[in-house]
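**Q** Handing you a structure now.
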Amino acid sequence: LFVEKPPSSVVAVSAKVDSSSLQRKPTMKWLKGKWLDLGSKAGKHMQFKETYDRNTKIYTYEMKIIKVVPGDAGGYRCEVTAKDVCDSSTFEISVEGQDAGEDEGDLDFKNVNFKPEKQEPEIDVWELLKSAHPSEYEKIAFKYGITDLRGMLKRLKKMKQEPKHSEAFLKKLESCYTVEKGKKIVLSCEVVDPNVQVKWLKNGQEIKPSAKFVMEANGNIRTLTINKTNLADDAAYECVVGEDKCATEVYVKEPPVTITKLMDDYHVVVGERVEFEIEVSEEGAHVMWSVNDSSKFRFKKDGKKHTLIIQEATLDDAGMYHAWTNGGHTKGELEVEEKELEVLQDIADLTVRATDQAMFKCEVSDDKVTGKWFKDGVEVLPSDRIKMSHIGRFHRLVIDDVKPEDAGDYTFVPDGYALSLSAKLNFLEIKIDYVPRQDPPKIHLDTTGNMVSQNTIIVVAGNKLRLDVEITGEPAPTVVWSKGDQPITENEGRVRVESRKDLSCFVIEGAERSDEGNYTICVNNPAGEDKAVLFVKIVDVPDPPENVKCTAVGEDCATIIWEPPKFDGGAPIKGYLMERKKKGSSRWTKLNFDVYESTTYEAKRMIEGILYEMRVFAVNSIGMSQPSLNSKPFMPIAPTSEPTRLTVHDVTDSTCSLKWLAPEKIGAGGLDGYVIEYCKDGDTEWVVANKDLCEKQGYVVRGLPVGEKINFRVVAVNIAGRSLPAILSQPVTIREIVEHPKIRLPRELRTKYIKKVGEKINLTIPFQGKPNPLATWFKDGQPVDPKMVNVRNTNVDSIFFIRSAEREHSGTYEMVLKIENMEDRAAINIRVIEKPGPPQNLRVTDVWGFNAALEWDPPKDDGNSEITGYTIQKADMKTKEWFTVYEHNRRPHCTVSDLIMGNEYMFRVYSENLCGLSEEPRSSKNTAVIPKTGVTLKQNPYKEKDMACAPKFTQPLVDRSVVAGYSTAISCAVRGFPKPKIVWMKNKMIIGEDPKYLMQNNQGVLTLNIRKPSTFDGGKYSCMAVNDLGKDEVECKLDIRVPQDGI
């Protein structure tokens, strides 16, 4: 009785997300292990479901695993993201055993032995891995359903190691970290000693600080930051403190590979080649195809292009083909139809006389098709008289020297097709009768061939018409063929007349439409005449259909109409064939194999947002026309979903202000705008409130009757049409709501509002109240002068504007907001300030030592602002350069110190307020003179030190042994004053200006360079330094070695 049985083993996991505080719809990801996205695994085995409760605003996400297998065991994680907010949750799925399948039969307890059976001991996979050789790890993991091989090896390694207590770390690194390619990751641990130095290792190699690897120490916390991670950063990391260390692993995830070019659908016949091609966002990406027998298919990669190739399609290859990447999925449908064989020229019946030749000929659409000939059901075999040929699409059976036994029914049967072509061979016997010498002429027409009626012959355009007419009469009559009134006399050419004994042949090669018409054959002899009229009808494939266009579209469908062809080819139109393709593609897909009779067609199974083109073929009994012109490109699109959260924002005596949010689903057609409609409660006729589409998500409906209950609805409109309406849950009563006037004075205006002279004052004071209140401004109790102050009022605020502030604008301004007898007031104190004047009566009151005392009076004009201080400057009467002594001095007096003795000083003072220093200073009326006192400078006696000394070598010459031919140098160091004279000697002989030697003296360092010495240059070298106070000498021995061969 079951239509569908419940699955034997199902795991269902659900998660709920509260979206009441979210601005956008959340996105859920289901992951297995560290980063395996399960979205690409959706199918019969793994299913995902999403529901939304509009009342509670809670999304429910559910993951189902149908027919659980051991490989489904492991750790799972669900991640939900919404704009900048992210949350995740982990859970485990363990598979304990396998349930019995449905096909294991009914239970039978007749012969059950209830003795306990020996059960095989349960195998611990980890114990098995610990004792196995590393080469067996992959095989064991596959057998027991472990998919994360790398995680398995890491866990196995930890199991083999005994855990050690760490004395250097308070908190170790996490066991592993995961980061997306190109992002930043921070590894953090906590050490015991805040002053200890740590080393960071990557795969055992020490990491040096750089822009990529940033190491930081903050108290006990040690962090390693890896910037712009790449696949090379996927490694094991260690933090080392002395001999103690903690380790972790970093897994770098590559960004998902998306599919940039989707898969096309194919409609082919058996034996054709099929190429499913896609393009991905990155070269070398891994693409997975859904195929059962990979040996039958060929896969090709070319940069970002991936191709699945089927060399020769069969009926078994029909179906949906899928391609997956870790960030996308596409599919294409393959439809395979049996290859149909079309008969282009049928076999015609023949009537031949004895000893003549009979030839049966037919033409089929496939030049590779072979076949057999049969006579009265018996296969015809070739002989000297009977020959069969197959050239291209033409099959011929030729019978020479026809005999009476050759008459019968002949049939051609193509191999592999349920099709047969038949014709009849009539044998014409010759009888010799004794007749009078004169016999009137007679036309004998054969009505069994192409003649469809007594006087009509149908010929397919392009084919050959040969009409053999038997003529009798004695004496032999003359024959005249004519078309209309024009006789046909040519015996050569495309249209000709051939004459034989007792036969007149009328031939048209490659029939054309202009050959259609009435043809007359007239025969006469002395005994009389005979005449026959034939109508030759030329039939052809029809002209292409016209005006193919799309009249309507849906989410995955479109309605196409067209006009029949102007010329039907002389045969009734049987129907039409349709094809479509994506714009920009060159591959057309057939939409029907059976002819479609109507001129309106609904094309389905299209992809929303993709541009398509259509073309139509007309079909009659002769064949198929050329394709029509392509239709204009069209795009399957659907209307949007209804607008959301429609609410009433404001109501007056004649208006209602509505607000709403955009539809949840907009689609490829976009959103053009909204239509707002209303009707009285109880009526069914809706009135459109806006003439033009409203592009904003709010509208004020005007001209509503006072006191009526009105229903409102909003409809979204795009190129596909109107969406479902969003309707208010209850009608709205049109009546003004009285609200007391209230001024919302900004916080910065509740104290003094200070501006400088010349600045702009622009204040916006919001307020509320219903009906619209009246705002009035006063200054010091009097209405403001409109020549000095500009005021502009709206329904929700009042704008107070002064283009250029002057000090006369200062004062207390009061705003009064009135609604009938209700009012609200707010005062604003505005002060316009400028720079102050200079101080008054600056004077020097006292001078003592290096000091001078100054006093002054405050300025007469304080600039409408409190004086905040003074700036004091001094100047020497000689240089008259001014230097600042004090800034922001608050008192009207000060003492200037550190004046220079013997100089005379003058002083000046600037006033300062919130606008800055005064334009002009006030100079002192008198000066301060600092007198000189008697002071004598006593210098200490200077004694020059004697630096003279005899020469003394501080560094002696050193014995050396060098190889002949290699330049060398000997050096020593000497000191002495006056500068000593240096003399170099070899074997007590002074070395003169010999170019072989170069003598140098650099700050007492003496060097003798010997260029490429030979064995004669060996000996004792000495250096002597001499001045007026004495001399000193050092010497050394130089050995010259001759190199030996092979050393």
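Cβ from N, Cα, C; glycine included.
Keep in mind that TrEMBL annotations are predicted by a computer and have not been checked by a curator.
Pulled these features from TrEMBL for this protein:
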DOMAIN    163-258  domain 'Ig-like'
DOMAIN    339-411  domain 'Ig-like'
DOMAIN    441-534  domain 'Ig-like'
DOMAIN    544-640  domain 'Fibronectin type-III'
DOMAIN    642-737  domain 'Fibronectin type-III'
DOMAIN    741-829  domain 'Ig-like'
DOMAIN    838-933  domain 'Fibronectin type-III'
DOMAIN    951-1039  domain 'Ig-like'
**Q** How does the domain 'Ig-like' (741-829) divide up by DSSP, counting helix, then strand, then coil residues?
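**A** Across the domain 'Ig-like' (741-829), the residues distribute as 6 helix, 52 strand, 31 coil.
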**Q** Return the stretch with the most CB pairs under 8 A relative to the domain 'Fibronectin type-III' (544-640), choosing among 163-258, 339-411, 441-534, 741-829, 838-933.
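**A** Highest pair count goes to 441-534.
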**Q** Provide the three-state DSSP residue tally for the domain 'Fibronectin type-III' (544-640): helix first, then strand, then coil.
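**A** For the domain 'Fibronectin type-III' (544-640), the helix, strand and coil counts are 0 helix, 42 strand, 55 coil.
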**Q** Under DSSP, the domain 'Fibronectin type-III' (838-933) has how many residues in helix, strand and coil?
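**A** Within the domain 'Fibronectin type-III' (838-933) the tally stands at 0 helix, 52 strand, 44 coil.
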**Q** Under 8 Å, at least three CB pairs between the domain 'Ig-like' (741-829) and the domain 'Fibronectin type-III' (838-933) (pairs 6 or more apart)?
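**A** Yes, since the domain 'Ig-like' (741-829) and the domain 'Fibronectin type-III' (838-933) share at least 3 Cβ pairs closer than 8 Å, they count as touching.
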**Q** As a test of reading the model: what is the averaged pLDDT for the domain 'Fibronectin type-III' (838-933)?
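**A** Here the predicted model's pLDDT, averaged over the domain 'Fibronectin type-III' (838-933), is 90.
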**Q** I'd like the per-state residue tally for the domain 'Ig-like' (163-258) from DSSP, helix first, then strand, then coil.
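**A** Each residue of the domain 'Ig-like' (163-258) counted once, the result is 3 helix, 49 strand, 44 coil.
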**Q** Count the residues of the domain 'Fibronectin type-III' (642-737) that DSSP assigns to helix (H, G, I), to strand (E, B) and to coil, and report the three numbers in that order.
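**A** Residue counts in helix, strand and coil order: 0 helix, 45 strand, 51 coil.
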